[in-house]
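What follows is a set of notes on a single structure, which appears directly below.
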Amino acid sequence: MFSGLTLNCVLLLLQLLLARSLENAYVFEVGKNAYLPCSYTLSTPGALVPMCWGKGFCPWSQCTNELLRTDERNVTYQKSSRYQLKGDLNKGDVSLIIKNVTLDDHGTYCCRIQFPGLMNDKKLELKLDIKAAKVTPAQTAHGDSTTASPRTLTTERNGSETQTLVTLHNNNGTKISTWADEIKDSGETIRTAIHIGVGVSAGLTLALIIGVLILKWYSCKKKKLSSLSLITLANLPPGGLANAGAVRIRSEENIYTIEENVYEVENSNEYYCYVNSQQPS
């Protein structure tokens, strides 16, 4: 008996943990109407059951982010006219139609059939994927048809942004360039400009630093020479300046005396020669 009770507890726990059914993925193009099937079997004819549709995983009760709700026979809540039930409610068909889908409609949807009793609800989770619309073939001037295959390109610039990239091919297999090449070229140009700007800024900064260091070194050297001159003058004896001036004056007088002596010697020689010339032969 104890083992049977344990087995029942384990089964109940598994039911609680694995109550969600496997997700079924449905893919639709942008602008189309999406169809998400959901139905249940009536226990007896006319025994309809309330249900709800929500966006997100099925919670423990009701529907998260409720989109549509019914009682036994009628729709009692509808978030938008885009969400409609097109099946036969009297036969248990509660499939959801989403009109004119966009990329924001992708995600998981919950269909909850609220059968009477505890833990008796039927929960069905369906995954909706939205892809970009295909571009129709265009006829060229020479009669060659051109096909386009769209791809989704995600870029991050002040947030997440999704764009459609179209690559064109003609019958000859020639690829027609699209704006993807322009984006690539512009990106390389921007990176090159950034690198050049960083290099120029670094060079100017280095030159400025070197100039400041040179000016600082020159200023320090000039101050050092001025300090040495002041120290030399301060170490001279009290009469040193006067003695230096006197020595300079005496040197100038000696120069004048030497010049006068030379002049007198030249005059005496001339006189001697003149006297000798007066003697008889």
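Backbone N, Cα and C define each Cβ position, glycine as well.
In Swiss-Prot this protein carries:
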DOMAIN    20-125  domain 'Ig-like V-type'
DISULFID  CYS38-CYS111  disulfide bond
DISULFID  CYS52-CYS63  disulfide bond
DISULFID  CYS58-CYS110  disulfide bond
BINDING   SER61, GLN62, ARG112, MET119  1,2-diacyl-sn-glycero-3-phospho-L-serine binding site
REGION    139-160  region 'Disordered'
TRANSMEM  194-214  transmembrane segment
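The structure, with features from Swiss-Prot marked on it.
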residue : record                                                : DSSP (3 states)
CYS38   : disulfide bond                                        : coil
CYS52   : disulfide bond                                        : strand
CYS58   : disulfide bond                                        : coil
CYS63   : disulfide bond                                        : coil
CYS110  : disulfide bond                                        : strand
MET119  : 1,2-diacyl-sn-glycero-3-phospho-L-serine binding site : coil
Rank the binding-site residues SER61, GLN62 by the number of other Cβ atoms within 10 Å of each Cβ and report the first-ranked residue. GLN62
Which whole-number value in Å describes the distance between the Cα atoms of MET119 (1,2-diacyl-sn-glycero-3-phospho-L-serine binding site) and CYS52 (disulfide bond)? 16
Tell me, if you would, which residue among CYS38, CYS52, CYS63, CYS110, MET119 (recorded positions) has the fewest other CB atoms within 10 Å in the structure shown? MET119
Pairwise Cα distance for CYS63 (disulfide bond)/CYS110 (disulfide bond) [Å, integer]: 7
1,2-diacyl-sn-glycero-3-phospho-L-serine site shell beyond SER61, GLN62, ARG112, MET119, criterion: Cβ within 8 Å of Cβ centroid: CYS58, PRO59, TRP60, CYS63, GLN114, ASP121, LYS123
Could you tell me the C-alpha distance between GLN62 (1,2-diacyl-sn-glycero-3-phospho-L-serine binding site) and CYS52 (disulfide bond) in angstrom, no decimals? 7
